Amino acid sequence: MASSGLPIHIHCSAQKPSVSSSANFDHLKSTLSSAFKPFLKQTERFPLRIDVAPQTLNNTCLKLVDAAVDFVFEFADQPLLPSQSNFGPVNEMKEAVQVTNIQGEIPRDFAEGAYIRNGPNPIFGALTSTSSMFGRSSYTWIEGEGMLHALYFCKGVEGDWTVLYKNRYVETETLKLEKQRNKPLFLPALEGDSPAILSAYLLNMLRYGKVNKEISNTNVFEHGGKMYSIAENHKPQEINILTLETLNDWDVNGGWNRPFSSHPKKAPGTGELVILGIDATKPFAELGIISADGNKLLHRADLKLNRCSLCHEIGVTQRYNVFMDHPLLIDLNRLVRGSSLMKYEKEGYARIGIMPRYGSADSIQWFKVKPNCTFHLFNCFEGGDEVVMWGCRALDSIIPGPDKGQNKFDWFSRKLRPIKPIEGSMDAVSEDQLVFPRPYEWRMNKQTGDVKERNLTGTEYSMDFPFINEGFVGVQNNYGYCQVRDSIASSASGMAKYGGLAKLYFGEQNPGFSLKENEVEGLIKVEYHMFEKNTFGTGAAFVPKQGGVEEDDGWVVTFVHNEDTNISQVLIIEAKSFTSKPVARITLPFRVPYGFHGTFRPMQLQNDILSIIPSLNSKIVKSISPSYSQIHE
């Protein structure tokens with residue numbers, strides 16, 4: 001989320017923190033009472049009758065609380081700088097449009113299907129903050145309602161391509177509620193002054209039964225033939241892939257009652273979905289396994305962690321589940337004591353857990369590793385006695401941001417600068433340069449309990465948002481891909497921007513690297529595909545070649561935006577000729593803001609084209625769908 005750009009969100013239950021004697025909590029209660037006294041005095045002038053139905057009384061009380069919140073809290077938009085303009089939201093489209101501006105050619109053996117990317121798109125035009133007598137709270141840069149951007153590749157009977165584009169909000173219950181009321185309703189409950197966060201926590205729970213909004217803005221994934229949108233703070237939402245309509249929350253037919261992490265994984269061989277759900281109260285983390293058809297929860301296990309570690313992703317191998325317990329922690333007791341709800345504890349420990357697929361907490365083998373913050377994984381696999389994990393590791397967390405959300409631009413500008421390593425170690429950097437994710441390897445030996453760790457790349461580029469050919473999830477792979485941060489542009493704007501892509505050759509050593517005595521192995525080979533000047537991308541994904549034989553037979557697709565021309569495009573890059581120019585540039589008729597994760601789902605679209613765009617010209621429909629011609633002739 002994750003590095004620069006990773007959307008991570010929290011879900012907290014209504015349980016009261018175990019700090020009943022806390023002076024801070026008592027002070028908050030006293031302050032809440034005094035804050036609402038002026039409003040309550042106003043209501044004393046109006047006679048209230050009690051002989052009403054319980055539901056009516058409840059509704060009346062909630063309306064009074066809503067009015068009190070409006071009286072005490074003042075909402076304000078968080079402005080964007082000119083260099084941050086493409087992080088701003090766009091309007092939702094009424095209908096898909098055909099895209100005709102294509103430079104180059106979409107390959108004939110490119111997969112027919114849908115390329116979808118998720119990302120934040122604040123519904124009222126900007127992220128908001130609140131101010132009150134409790135202090136200030138604000139939404140962080142990773143929040144904002146989820147919007148899906150989809151590009152459909154429809155192949156005609158003669159092999160020609162029709163490309164369609166559509167966007168649409170993920171219609172969570174909280175988004176529908178705010179649209180109905182036409183104003184922000186939820187108080188920001190993650191970043192800001194502790195009393196303001198606590199009051200937001202309590203008032204959101206009182207009014208809506210939820211600590212924060214269901215934003216569903218981080219990832220999209222497929223399971224059991226269905227598509228889902230997801231963020232950490234709620235269950236996934238099922239999406240109609242043709243219309244992008246939100247259908248319902250996915251609770252696995254009542255079997256799962258907590259959030260998913262944003263990157264569930266399909267187990268190799270069985271196709272079962274391995275999920276991980278975290279919460280701010282016990283049980284802090286639970287693992288689940290869902291049947292391949294998505295209809296049944298087959299296994300559930302409390303990992304029995306003693307803290308809430310914000311784990312954004314889970315790994316799988318052929319036999320094991322692999323997860324991280326790192327010191328980016330959500331701690332309600334810390335919040336009540338007056339500090340941050342979410343914080344990276346630099347002196348905290350980190351470990352990796354390996355658990356048999358249907359295991360329990362007692363079956364987990366823990367491996368202590370160097371403290372780190374790793375949001376995203378390339379892959380995990382087994383090799384002899386070892387379990388290997390590749391991910392993008394940093395030494396600090398970029399979320400939620402500066403303490404209490406103060407001086408955001410200065411803080412992010414410092415953290416996102418190019419790295420300047422200190423002589424003697426590639427991990428020896430200044431305090432302001434710890435937020436620099438790059439590919440990393442952990443090798444856990446299950447027989448000896450030993451761990452070998454190493455950087456896979458140097459300090460030239462920060463890299464994150466990794467992805468692979470999904471046919472190799474859980475088994476050994478040779479290639480990985482990720483987004484390359486433009487550290488200069490990121491520092492200048494105070495927001496993470498990705499100016500290119502990288503292809504990693506896990507089995508090949510970097511030919512320009514001389515092995516040092518203090519390193520077990522050298523750095524690996526990396527190829528780069530850098531975008532044009534002031535062009536940045538998000539949501540890259542791998543598209544396997546139909547009938548492909550080798551792992552890198554296929555293409556990388558990505559959304560990009562040129563900030564000089566204000567034009568958004570989708571690029572198709574040949575994976576085997578990674579440094580070459582894109583084989584196709586698809587210019588979109590609308591701006592696409594920067595976002596988070598994307599995926600490509602191969603699927604036949606000939607008979608569904610009118611579900612995507614009902615107004616499409618009949619001649620074009622006939623060229624795509626033989627059945628349409630038969631019905632209408």
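Just so it is clear, glycine is given a Cβ too, placed from its N, Cα and C backbone atoms.
Unlike curated entries, TrEMBL annotations are predicted automatically.
Taken from TrEMBL, the feature Fe cation binding site covers HIS263, HIS312, HIS376, HIS597.
Sequence features annotated in TrEMBL and their locations in the structure.
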residue	record	Cβ neighbours (10 Å)
HIS263	Fe cation binding site	23
HIS312	Fe cation binding site	27
HIS376	Fe cation binding site	24
HIS597	Fe cation binding site	28
